[in-house]
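Structure first, then comments.
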Amino acid sequence: MLLILAGLRPALLKHKLVNVLVEACLCSAAKDDDHTTTNPGKLPQLSKKKWRKKFRNKHASNEHLPWEERLADSVTPLWRLSYYDQLQLKQKYQERILLQLSDQLLCGESTQHKALTQCPSPPRSTKLSFPLLPILPSPVRDGYRNKSTFSVNRGVDGNPKTVGLYVGTGKAGNIVCVNGDHLLNMPERHKLVARCYQDFLRLSALEPCLLFHDGGHWREVTVRTNAAGHTMAIVYFHPQRLTPEEIEVHKSSLVEYFTQGPGAICQLDSLYFQESSMTRCSHEESPYQLLHGQPHIHEEVLGFKFRISADAFFQVNQGAADSLYRTVREMGLPNGAREGGGGGTLLDVCCGTGAIGITMSPRADRVIGIELIQQAVEDARHNAALNQIQNCEFLPGKAEVVLPGLMEVLGSTTDSGGPLTAVVNPARAGLHYRVIRALRNHSSIRRLLYISCKPEGEAMRNFRELCCSPDPHRKLTGEAFRPTVAVPVDMFPHTPHCELLLVFER
């Protein structure tokens with residue numbers, strides 16, 4: 001997604017940017033000159049297919065810019081704006097999304113056959129039916145990312161052993177890998193590891209793996225850091241037809257480079273290696289091999305410590321995660337629930353390493369977390385023990401499989417006799433229909449908090465399914481929820497994205 005701001009006169013920037021941002025966020029399209037000169041409050045009615053066609057025709061519009069600016073416009077589209085203006089734009093965008101939700105709930109529109117991938121029409125309502133609180137700013141604006149992944153491909157000079165981020169697309173055949181040293185959202189330590197990895201690749205006799213079927217071995221590198229400055233690097237490698245003994249030689253050279261060679265400047269606390277012939281695979285599919293250092297790094301949120309494994313999910317901005325989890329804790333439990341329990345049972349769906357449940361555990365009688373990734377569940381259990389928390393349990397498996405049975409076990413009331421509150425924090429794909437059905441149909445859940453990084457996408461379907469009238473044909477028989485308050489949290493400065501916390505009650 002490219003947001004091309006260079007060349008716009010300062011006097012016109014603020015007027016045009018609202019429309020550019022909304023178009024880019026809703027449709028993943030570049031700025032279209034024909035539309036930025038029109039009313040910023042009105043979006044053209046184009047399907048996603050037509051937007052992609054327009055994008056292909058317009059993608060060359062920034063070719064006059066230096067490669068560094070083209071990458072910055074792709075990765076951090078709002079980098080030219082003041083932080084105040086970034087927050088104002090995000091606030092307006094979240095309001096627009098929620099106005100559309102209000103419209104659909106007011107009109108009772110069916111969502112069963114509604115296409116979610118089209119650009120939504122402008123909202124008819126001008127006022128929300130529930131409060132949208134001011135966006136919570138990120139405490140850190142530059143270098144805030146604690147996890148970055150750098151790709152390997154041909155650079156500006158054509159060298160295939162270039163480590164950076166992509167400008168262009170594989171489908172268009174115009175990918176160029178550009179060094180990310182100038183990006184505002186990445187910390188210096190991440191950039192240093194990327195530079196050293198590039199140096200290592202150019203010293204290695206092995207070729208990089210650009211396309212799996214073309215051969216080559218060295219792939220991307222992921223860098224994870226914490227607030228204390230500890231660093232973990234994960235190198236991905238395609239074995240192709242190398243023998244285990246041959247792979248061991250190259251693993252040894254990687255360790256030597258980062259511990260005794262030029263890469264020692266990175267001061268890695270952990271160096272992992274994963275062999276994989278797939279684009280992405282889990283620890284269970286292909287184990288992460290610890291080549292050097294400690295198996296984990298640790299992070300602290302709201303006074304609680306958390307273990308971070310190589311593939312564990314953790315919010316990418318630790319300071320903003322503090323703000324998000326503090327808000328979830330304040331809004332998630334009944335009035336008057338404070339330290340020492342009394343908040344009933346908390347269901348933490350898609351719990352990851354247990355951050356939400358653990359930070360809320362002092363106010364709850366019982367916390368039950370559900371998570372797909374087995375390693376994350378192990379981390380969550382370790383984190384509960386690390387913080388001496390006794391009232392948390394974490395269950396592995398798909399939420400759509402585990403939750404319906406769990407709800408039957410819980411019955412109509414919780415063991416403590418207190419209220420039942422749910423917090424869900426799914427990926428961009430939203431919650432499976434069976435999860436929504438189980439939550440909706442359990443009458444003891446009176447409050448549900450939904451955290452979404454893309455509320456205009458599949459999450460919007462979840463919102464409507466939670467709030468629509470009972471529908472026996474779709475087995476949504478429980479009392480409808482209603483949205484009561486929304487809070488945006490800026491987890492990603494310099495980008496159009498933020499997290500949205502939406503509280504539902506009934």
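Note that Cβ sites are derived from N, Cα and C of the backbone, with glycine treated the same way.
Quick caveat, the model's predicted, so the values are computed rather than measured.
Copied from TrEMBL, the annotated features are:
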- GLN315, GLU371, ASN425: S-adenosyl-L-methionine binding site (BINDING)
- CYS453: active site, nucleophile (ACT_SITE)
List the binding-site residues among GLN315, GLU371, ASN425 whose C-alpha is within 10 Å of the C-alpha of the residue listed as 'active site, nucleophile', in sequence order, or say none.
ASN425
Consider each pair of residues in GLN315, GLU371, ASN425, all listed by the record as binding S-adenosyl-L-methionine, and report the largest Cα separation in Å as a whole number.
15
Residues within 8 Å of the GLN315, GLU371, ASN425 Cβ centre (excluding the S-adenosyl-L-methionine site residues themselves):
PHE313, PHE314, CYS350, CYS351, GLY352, THR353, ALA355, ILE356, ILE451
In the structure shown, with every protein chain counted, which of the recorded positions GLN315, GLU371, ASN425, CYS453 has the densest set of Cβ atoms within 10 angstroms of its Cβ?
GLU371
